[in-house]
Amino acid sequence: MNTAVTLLTEQAPQPIEEFGQLERQIIIILDFGSQYSELIARRIRETQVYSEVLSYRTSAEHLRQLNPKGIILSGGPSSVYSDRAPHCDPEIWNLGVPILGVCYGMQLMVNQLGGEVAKADRGEYGKASLHIDDPTDLLTNVEDGTTMWMSHGDSVTKMPPGFEVLAHTDNTPCAAVADHDKKLYGVQFHPEVVHSIGGLALIRNFVYHICECEPTWTTAAFVEEAIREVRAKVGDKRVLLALSGGVDSSTLAFLMHKAIGDQLTCVFIDQGFMRKYEPERLVKLFQEQFHIPVEYVNARDRFLDIMVGVTDPEEKRRRIGHEFIQVFEETSRNLGPFDYLAQGTLYPDVIESADTNVDPQTGERVAVKIKSHHNVGGLPKDLRFKLVEPLRKLFKDEVRKVGRSVGLPEEIVQRQPFPGPGLAIRILGEVTADRLNILRDADLIVRQEINQRGLYNEYWQAFAVLLPIRSVGVMGDQRTYAYPIVLRIVKSEDGMTADWARVPYDVLEAISNRIVNEVKGVNRVVFDITSKPPGTIEWE
C-alpha cells in the first residue's frame, strides 16, 4: 500500500525555487501539452544534468532569474496558426540562451521568428529515416538515415531569417533547422522517445556541446545534499513518516533515518489488503535488519468491516482512503506531537499539482490536505505538519537509484507497483476474509513461479485477480463449482501504456497447475491478453 502522501493541488506547474548546488546548471523545458514533456526532462537528467518542466506561460523575466543553461520547447497537440494555440513569451528569443524546439516547439519557434507553418500535404506519424544535410553541431555523431519518431500534421513551409535546414525526411523537407549564430534549434521529430535511435546523441549534443553543461546531477551528490538539507530544515524536531513498503516510502525512510536517526518515527498501517506475508516481513526487515523502528498498527478488522456489501471500485477506494486518514490521525495523536511530516512526493507530483499551502509566519509548506494513490481525503484542520520532501526533485527511476545508494535491498528497489487499496481492488465485487485468503494464496504462487525462473524484473507487473463468479469444473470424479483466477502480467516502461507479456507456456502451465491444486476454492485460471490502452493494468 503506497501511503506516501502528496499535496492536493490544481494550479499550473511552478519551478522548484530552492535550488541547491546540484541544480545551478539547469535545462528548462517549457510544456505546451505534450505527453512526452516529462520524458524530455528524464532524458536530460540521464545525461547527469538537472532539468525541470515549467508551464509555457512562464515569463522571459522569470526564466532570466532562473538562469538556465538552455531551454527546450516541448511538443503539443495544437497548430501554431490556430487562434487558441499556446504561445511562449516572445522575449525568450532575446535571452541569449540556447533553445531547442521539439515538434510543436520547432513550429512555434519558426512562426514567432518570421517563418511560416501550414498543414502538411501528408502527415507523418511513426518511424521515419532522417537524412542529414549538416552533420555538425546538433547532429554530431547522429548517423545519416537513422530512425526518428514523427508525430505531426503541420510542417514548416518557410524558414525564418538566419535559419538553415539541418536534416530532412522523405515527407518533411525541414525536419531539423537551426540559427547557429543565435543557438536556436528545432527538430520536427521526438528525440526523447525510445523509437528515435539517434535521439539520445542529439540530446547530449544540445546539453554538452551547445549549452556547455557539466555532469553534476549524480545520485551520490544528490544523497549528500538531501541529507544536509534535511538536517538543516528539521534541526532537533520530530518527524512522522507513513511507511508502505514500496520503493518511494522505503527510500524516504532510509534517507530520513540517515539524516536524523531516532527523530524519525515510521508508522505502518496494516489495512489487511496486502499480499501474503508482506506486512510481517516488512516490519521485521526494517526493525531487525535495517534497525529503523516501525510503529505497527493492525487495523485489518476496521478496514474489513467497512467493505461489507461494497462492490463499486470507486466506493472501495473512497472508504479505504477515509479510514486510512482516521487511523493515521489517531496514531499520530497517540505518538505525537510531531513537527514535520515526511512525504514521498516525487517530481511528477510537483508537475501535476504545484499548489502550495504556506505558513504565513515561517514561509514553509504545510500539509492541510494529502493525496495518496488511493485518493485519501484531507487531514483534520487542527492536525498540521510542516513538510519535508527530500525526493520531490526526483523521477521514479531516480528514486530507485537513490534507494540503492542508501542501502535499500534490491527486493524493495525493484518491487513491482502495488495499488494503494491493495488486494481490495483485485477482488472484483465484495471483499471478504475468505476471498482475501484465496487471492493471497493464488497471488503468492504467481510471484513464486515468476521469481524462481528469474523473470520478476522482466515484467512491470505480475499478479492475480479474483472474479466474483464461479465456473464448473471436474477434479477427480467430483464436479466442482469454484472461482476463476485471472493472471495479469504486463510489460511497460512507465505504466502509462502497457503490453501483455508473452509469458512462456511452461510458466503459465506451472502457475495454473499449482493454483487449481493448491488454492481451495479455485478451479480455473485464465490469462488476460489485453494491452493498455484499451484496457487498464488493474481490473478495478
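One-based numbering along the chain as shown.
Just so you know, glycine gets a Cβ as well, placed from its N, Cα and C.
Some features that Swiss-Prot has for this protein:
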ACT_SITE  CYS103  active site, nucleophile
ACT_SITE  HIS190  active site
ACT_SITE  GLU192  active site
BINDING   SER244, GLY245, GLY246, VAL247, ASP248, SER249, SER250  ATP binding site
DOMAIN    26-216  domain 'Glutamine amidotransferase type-1'
DOMAIN    217-415  domain 'GMPS ATP-PPase'
Most crowded position, judged by CB atoms within 10 A, among SER244, SER250 as binding-site residues: SER250
Neighbour-count leader, CB within 10 A, recorded positions: GLU192, ASP248: GLU192
Inter-residue Cα distance where the pair is GLU192 (active site) and GLY245 (ATP binding site), in Å: 32
Distance, GLU192 (active site) to ASP248 (ATP binding site) (CA atoms, angstrom): 25
Across the domain 'GMPS ATP-PPase' (217-415), average pLDDT on the 0 to 100 scale: 83
Cβ packing number for GLY246 (ATP binding site), 10 Å threshold: 23
Between GLU192 (active site) and GLY246 (ATP binding site): CA-CA distance (Å): 28
Cα separation, HIS190 (active site) to the residue listed as 'active site, nucleophile' (Å, whole number): 7
Cβ neighbour count within 10 Å of SER249 (ATP binding site): 25
